[in-house]
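A.B. asks: Can you read through this structure? Questions will come right after.
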Amino acid sequence: MTVNAGVAKPRLLSLDFFRGITVAAMILVNNPGSWSHIYSPLEHAHWNGCTPTDLIFPFFLFIVGISIAYALSSQKELEDQSKAMKTITIRALKLFGLGLFLALYPKFDISTVRILGVLQRIGIVFFISAIIFLKAKPKTIAITAGGLLVLYYVLMNFVPVPGVGYANMEPETNLAAWLDRLVLTTDHTWKQSKTWDPEGVLSTMPAVATGLLGILCGMWMKKENDNGKKVAWLFVAGFGAAIAGLIWNFAFPINKSLWTSSFVLYTAGLGSIVFACCYWLIDVNGYKRFTKPFVAFGINAITAFFLSAFFVKTLGLIKVTDAKGSSENIVPHLYNEFVVPYFSPNNASLIHALIWVLLFTGIMMFMQRKKIIIKV
């Protein structure tokens, strides 16, 4: 991890903005005052289906792909790509390590640590997608992405699950869940389920496809000089992918936890449309005044996500005594004392989440003002 302070290189502002909105949304949905009181758009779908919250992580992986196309384009044509390969490997290991650290902190109990997670998936998708980008032409990248989606569809829908005897899409008995238990064991999966992991082993395959679709988007942006054509094709491709995802949904339901192939196409399509809007408004037409807070998040996206999770876990170690003499964590104590009495349950929970977003907006804008960019 390195800290750069000084004159920053020119950046694609719309991409920073898109990334920043995505990370701010991650912090918002991850920090409600009460998990029992959440407005439905701020919840994940219980299983099949897609809420606005379900768009956040695939949007980020799609952005990872776009960023790869911009950051590594100069390395792609080199005969000796060893330096780029080393950089990619180190960054992927850092991302995986940060995720593993958050899973371990503060107890550091390796016997029950969740091995995979959000940052770990980002690291894996970045690593595989970046290598494919360096080695393959656009047509090959597109075929690879499509092949991964078709292969995942076949595996999930036609391969009998050992111990079950047939393919299925149920939470605990599908093929991905079986593989998570086999490889990770129930001690090292997502604690809320214990029997499967939403960032699990097999579903990493279509997650890589999300990154590859982002790369194709970025390569198109780099190749085409006409801004009108850039935006038009992003819209056309985005609508096409989203519609294809909705059609595939009838045979392979849109499901974030399984990262189904229909989910990949649907979310990548919407991601392309959102990015097209951001690019047209910000980089083409110059609407930049409203972008500052989100650009600040986008410049230090991984830092913002990591610190938000780290702060929550650290504050959870601080105990206070309530009016009844009982000991409780400081965060729920402050929430119950200063927020809950004045708002409806859902509004109180939302305000708590917004406070966290505002807190980190201040931190990120301070870092931007000081030209501090922490590169992972």
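Even glycines carry a Cβ here, placed using N, Cα and C.
Automatic prediction, not curation, is the source of TrEMBL annotations.
Sharing the record's features from TrEMBL:
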- 11-169: domain 'Heparan-alpha-glucosaminide N-acetyltransferase catalytic' (DOMAIN)
- 12-35: transmembrane segment (TRANSMEM)
- 55-72: transmembrane segment (TRANSMEM)
- 92-108: transmembrane segment (TRANSMEM)
- 114-134: transmembrane segment (TRANSMEM)
- 141-159: transmembrane segment (TRANSMEM)
- 200-219: transmembrane segment (TRANSMEM)
- 231-251: transmembrane segment (TRANSMEM)
- 263-282: transmembrane segment (TRANSMEM)
- 294-312: transmembrane segment (TRANSMEM)
- 349-367: transmembrane segment (TRANSMEM)
A.B. asks: Need a quick answer: max count of Cβ pairs under 8 Å to the transmembrane segment (12-35), which of 114-134, 200-219, 231-251, 263-282, 294-312 is it?
C.D. replies: 294-312
A.B. asks: Sequence-remote contacts (6 or more beyond its ends) of the transmembrane segment (114-134), Cβ cut-off under 8 Å?
C.D. replies: 57, 60-61, 64-65, 68-69, 72, 75-76, 81, 84-85, 88-89, 91-96, 98-100, 102-103, 141, 144, 184, 188-191, 197, 199-201, 204, 207-208, 210-212, 214-215, 302, 305-306
A.B. asks: Hey, which bits of the same chain come close to the transmembrane segment (263-282), Cβ under 8 Å, at least six residues off its ends?
C.D. replies: 12-15, 17-18, 50, 54-55, 58-59, 62-63, 66, 149, 206-207, 209-210, 213-214, 217, 221, 227, 230-231, 234-235, 237-246, 248-249, 254-256, 288, 291
A.B. asks: What is the pLDDT of the domain 'Heparan-alpha-glucosaminide N-acetyltransferase catalytic' (11-169) when averaged and given as a whole number?
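C.D. replies: A mean pLDDT of 97 is what the model gives the domain 'Heparan-alpha-glucosaminide N-acetyltransferase catalytic' (11-169).
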